[in-house]
Amino acid sequence: MAFLIHLLVCTFGMGSWVAINGLWVELPLLVTELPEGWYLPSYLTVIIQLANVGPLLVTLLHHFRPGCLSEVAVVFTVLGVGTIACTLFAFLWNVTSWVLGSRHSIAFLVLTFFLALVDCTSSVTFLPFMSRLPTYYLTTFFVGEGLSGLLPALVALAQGSGLTTCVNVTEISATTLSPETTRNMDSPQGASSTLVSKLAGTAPSGIHLESRYLPANFSPLVFFLLLSFMMACCFISFFFLQRQPKRWEASIEDLLTSQVTLNSIRPQEGKDLGPPEESGKAQDPPEEKTAPQHLAHLTFIYVLVAFVNALTNGVLPSVQTYSCLSYGPVAYHLSATLSSMASPLTCFLSIFLPNRSLPFLGVLAVLGTSFGAYNMAMAVMSPCPFMQGHWGGEVLIVVSWVLFTGCLSYVKVMLGVILRDHSRSALLWCGAAVQLGSLLGAVVMFPLVNVLRLFSSADFCSLQCSA
C-alpha cells in the first residue's frame, strides 16, 4: 500500500509543472515556427510571471480569511484547467493573428497564460496538501515535480525538435522573370524550405549558407496531446489520494496521543531536577536567545528560495536561446532537454544523499549561480560567444546548463524539506517565495531582452566570428 501511495504522490507532483516544462523543452522547435522567433522565451517568462495573480490571490485568502478555500476543490480546479488547456494547445498552438501590423501567436500566448496560472498556483496549493502526509512523502513529491521536466524532455529528445542543416543558397540577380518563377516556403514542423526557380535572363550573384530546419519525428500536436495525458494522470492520482484521508488522520491522531503521553511524563521528570519555578527560569533565557536566531534562520531560507527561483524560473530561461543557439541547434536542443532531466535526477539523488546544512546549501547555491553567470555571459556575447564554432564550446554550454539546473534543484528540494518539518504555513510561504522570486527575475529580464535588446541573434550557418 505504501508503494501505491508513493506512486500516486509522484504522479501528483508531476502535474505541478509538467505543462510549462513541456513548453520550455519544445522551444527549439517553436522558435522556428512561431513569428516571435528568438524573443519567444522572454515572452513566455513574462506571461508565466503574470500568472502569479493566482498564487497571490490564494495566499492572501489564506492569510486574511483562513479556511474560506476548500483545498481539495482548488486542486481539482487547477488540474482540470491544466488538462483542458493542454488539449487546446494541441490544436491551436500555431494559430496566428495580425496585431499592430505584425503577426503574433495570440492563441499560443493566451493558452500559455492559463497553463502558467495552473502551474504557478500549484506552488501554493499542492505543497499545503502534502502537509497532510508524513514527511517522507514530500521527497517523493519533489521527485514527481522533477519528472515534470524529465518526461517532456525525453519526449522532446525522441521528437528531435528544432534541428537544422546548412544548405548552399545561390543569390541571383534577375533581369527578366518568367511567369514560371515560384518560391515554395510551406514546410510543416520546420521542414527544409526549397527555392525552385525557372528564370529567364538571370545571373548568379553569390553563394552563401542558410539554415534549413529538418522535420521533427512527430508534430507538436502529438507532443501537446502527450502533455494533456500526463495532466490527466495527475488529476486521477489526486482523486485517489484525497479519497484516502482516514489512514493519514489515524497516523496523526497516534502522533498526537504519543505527544500527550510525553507531555504528561515531562513534568514528573522535571520534579527530580528541582522546583518547577527554577527549571522554568532556567529555560527562559535560552528561549529568548534562540528567537532571533530562529527568525534569521527562516529569513535566510526564504531569501534563498526566492533567489534560486529567480535564477531558474525568471532570469536564465529568458536568455537560453542567446546563450545556446549561437553554438548551433544541437547545443540548444541538448541544453534544453538535458537540463530539464537534471532536475528530477537531482531530486532522486536527494533521497539517498540528503543534507540540510544551511552553510552547505548556501555554498551549493553559489556554485550553481556561478554556472548561471557563465550562461549569462555567453548570452551577452551572442552571436559570437566564447569558443563559438569549436566542439569544446558546445560541450561547455551544455554541461554548464545541466550543472546550473542540478545544483539549484538540490537546494530547492532540501529547503522545502526543512520548511516542511517547520510547519504547514511555512510551506505555503515557501510557495509564495518561489513565485515572488520568479516574478522579480522575469520583470528584470523582459525589458533587457525585448525593449533594450541587449542580446543579439544571428543565423548559425551564415555566422562569421573573428577568431
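Every residue, even glycine, has its Cβ placed from backbone N, Cα and C.
Judged by membrane topology as recorded in Swiss-Prot, Thr32 sits across the membrane from Arg356. Among the candidates Asn168, Asn355, the residue that Swiss-Prot annotates as N-linked glycosylation site is Asn168.
Across 138-158, 295-315, 426-446, stretch 138-158 shows the highest tally of CB pairs under 8 A with the transmembrane segment (3-23). Below 8 A, the CB atoms of the transmembrane segment (221-241) and the transmembrane segment (106-126) form no more than two pairs separated by six or more positions in the chain, fewer than 3 in all. According to DSSP, the topological domain 'Cytoplasmic' (65-71) comprises 1 helix, 0 strand, 6 coil. If one looks beyond the topological domain 'Cytoplasmic' (416-425) by at least 6 residues along the same chain, the residues whose Cβ comes under 8 Å of a Cβ in the stretch are 127-128, 130-131, 135, 138-139, 142, 298, 301, 350, 354, 356.
Within 10 Å of the C-beta of Asn94 (N-linked glycosylation site) we count 16 further C-beta atoms, all protein chains included. According to DSSP, Asn94 (N-linked glycosylation site) is assigned to coil rather than to any helix or strand.
Using a Cβ-Cβ cut-off under 8 Å and counting only residues 6 or more beyond its ends in the same chain, the topological domain 'Cytoplasmic' (355-359) has close neighbours at 297, 300-301, 414, 417-418.
The DSSP breakdown of the topological domain 'Cytoplasmic' (416-425) into helical (H, G, I), extended (E, B) and coil residues amounts to 9 helix, 0 strand, 1 coil.
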